[in-house]
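In what follows, a single structure is set out as structure tokens and then discussed.
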Amino acid sequence: MAKTAEAPSATPAGTGAVLSSGKKPMGRRVKEFFVDFGRQWELQSMILPGVVFMFIFCYIPIYGLTIAFKSYTVIDTIDSAPWVGMDNFKIIMSDKYFWDSVVNTLGISFLKLAIGFVIPIILAIMIYEVSFGRFKKFVQTVSYLPHFLSWIVLGGMLITWFSTTGLFNQLLLSLGLISQPSNIMLDPNKYWWIATLSDIWKEAGWGTILYLAIMAKIDPTYYEAAKIDGASRLRQIWNITIPNMKMIISLNLILTVSGLLGSNLDQTLVLMNSQNREKAEVINSYVYRMGMTQGDFSYATAVGLGVSIVSVILLVTANKVTSKLNDNQSVL
Amino acid sequence: MNSKAAKGDWDSRIFDAINIALLVVFTLIIVVPLWNVLVSSFSSGRALAEGGFIFWPTELSLENYQAVFRDDGIWQAFFISVAKTLIGVITHVFFCAMVGYGLSKRYVRGRKFYVTMGVITMFFSGGMIPTYLLIKDLGMLNSFWVYIIPALLSFYDVIILMNFFRNVPDSLEESAKIDGGGDWRIFLSIFIPLSMPAMATIALFNGVGQWNDFMTTKLYITDQSLYPLQMMLYEIIVQSQTQSMQNAGSVVIETTTKGVQLATIVVTTLPIVVIYPILQRYFISGMMLGAVKE
């Protein structure tokens with residue numbers, strides 16, 4: 001294992017050292033490589049277990065993606081399954097349930113993007129503007145907390161809050177906004193909003209950390225100068241704080257856009273029920289259902305592979321677009 | 001930054017007032033529902049069924065917790081959760097530190113290849129099904145080790161630790177080399193103690209991840225004795241949902257499972273909420289570890 005993993009790297013690693021001392025014959029470079037390698041056996045013995053790990057747990061599954069082009073059944077191994085070319089992908093194209101899940105994934109993701117992306121920025125600026133230290137700390141502590149709850153816990157909480165006798169209905173009843181309690185978890189038309197808003201509730205505070213860290217580095221003299229010029233607080237935010245965060249906002253945007261299709265599986269599995277399924281099923285939960293519960297491994301893998309490819313395309317496109325906006329500086 | 005507002009500046013004061021009012025609303029939106037879950041778990045089943053309380057139950061009771069703790073399953077699940085989190089965190093941090101230390105030396109042969117190989121794993125993966133097939137072929141289905149071994153390495157963490165090790169002054173290492181210490185010795189007795197803050201941060205994130213993880217169980221475990229708390233809670237939630245839909249009229253069933261569900265939520269979350277204030281100090285500085293050092 002060690003040897004085979006090493007061999008291809010001999011040339012690239014060797015060239016750097018050799019460039020300055022002129023050209024050496026290939027055989028000598030390879031020999032030098034192994035001499036060095038032997039001298040560094042202690043360091044190599046630290047790295048190689050990691051390399052073996054990555055080979056097994058990351059690269060073998062990447063190889064396993066080939067079953068997307070095969071017809072895999074439980075009696076097969078990945079290698080013995082017969083090739084079927086693009087057949088699985090052809091079936092996907094005419095699969096209504098798949099397209100439903102695409103619509104739901106995109107719908108929920110765009111809602112999360114449209115609302116959930118801006119809220120942490122606004123929230124971070126609001127926290128940054130607080131000058132009362134203790135209150136600031138308190139708000140931060142509280143806002144990070146939901147991030148540490150699992151989706152299972154939060155799912156359980158949501159089901160309790162929205163039950164007919166739960167907090168949500170009690171609040172609305174006491175405010176006189178509704179006359180009859182109802183369980184909105186069972187209403188498919190509300191599901192996108194439940195998924196979006198619960199995700200924002202959980203992650204908005206956490207999302208402020210990076211922004212706050214960047215803002216802490218802004219030179220305070222900018223604000224002093226703006227104040228002397230008579231700029232209002234909102235003006236200062238608009239002309240100093242936000243431009244200083246442009247880079248990190250773009251980076252976050254790229255990462256969010258590239259993750260558009262990877263809607264939260266944990267969230268879906270716990271919030272989905274037989275009533276709201278048609279609006280709740282996302283691509284990932286569909287992969288789970290087709291593969292793990294219905295045993296159609298090849299088909300589920302094909303769906304997953306398609307999603308990964310689209311995600312990479314999104315990542316590259318988002319990076320291109322935002323680098324245009326950032327004066328041609330690539331963020332990634 | 002605190003001196004942004006000039007005293008007596010009315011615009012600025014109005015801004016502050018609105019800002020603080022909005023933040024108070026925001027904190028309430030987070031605190032009230034959590035508080036409601038906590039007090040509801042201490043409510044009697046009857047009061048739960050009637051509803052009508054937000055901040056304080058009409059009837060306090062420990063019956064939900066008694067029902068939860070009477071079940072042997074919860075003790076077993078708690079034990080599994082603790083075991084997988086503790087073992088998982090220690091092995092993960094050590095393994096990542098070991099690899100990260102090796103890669104932090106720029107002169108290591110094959111470094112470019114190793115790093116490229118690692119970075120690729122950050123963007124591409126085989127996904128759920130091929131990974132499942134691998135775990136199955138490795139014979140790790142229904143084994144405790146499926147919680148530990150596949151979670152050993154994360155290349156993100158390797159990179160963070162690698163950057164941290166780089167910032168340790170070279171002179172420390174040189175003096176150790178003169179004293180005849182090998183790389184392993186230097187790593188174990190100099191770098192590990194020096195890197196405790198970085199490792200604590202990674203341990204924190206990894207620990208929360210391990211504690212909260214339920215997909216691993218859902219995918220690879222069918223043996224109930226290996227269920228962690230999260231999976232138990234998941235089963236209770238799914239069960240209560242189907243029950244409440246089947247017996248839409250039957251209040252009794254809905255409330256007993258609801259009470260048990262609430263108590264399980266609290267028990268599952270408690271360890272995180274208890275250690276959270278202690279760890280909070282670390283994670284903010286930890287978030288910056290990956291960033292460039294000044």
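For all residues, glycine too, the Cβ spot is worked out from N, Cα and C.
Taken straight from TrEMBL:
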- B:20-38: transmembrane segment (TRANSMEM)
- B:74-101: transmembrane segment (TRANSMEM)
- B:78-279: domain 'ABC transmembrane type-1' (DOMAIN)
- B:113-132: transmembrane segment (TRANSMEM)
- B:144-165: transmembrane segment (TRANSMEM)
- B:186-205: transmembrane segment (TRANSMEM)
- B:260-279: transmembrane segment (TRANSMEM)
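With respect to Cβ pairs under 8 Å, the transmembrane segment (B:74-101) is most closely packed against B:144-165, considering the stretches B:20-38, B:113-132, B:144-165, B:260-279. The transmembrane segment (B:113-132) and the transmembrane segment (B:144-165) are in contact, since at least 3 Cβ pairs between them lie under 8 Å (pairs 6 or more apart in sequence). Within the same chain, residues 80, 83-84, 87-88, 91-93, 95-97, 99-101, 103-104, 118-119, 121-122, 131, 135, 191, 195, 198-199, 201-202, 206, 210, 213, 216, 220-221, 226, 228, 289-290, 293 sit at least 6 positions outside the transmembrane segment (B:144-165) and bring their C-beta atoms closer than 8 Å to a C-beta of that stretch.
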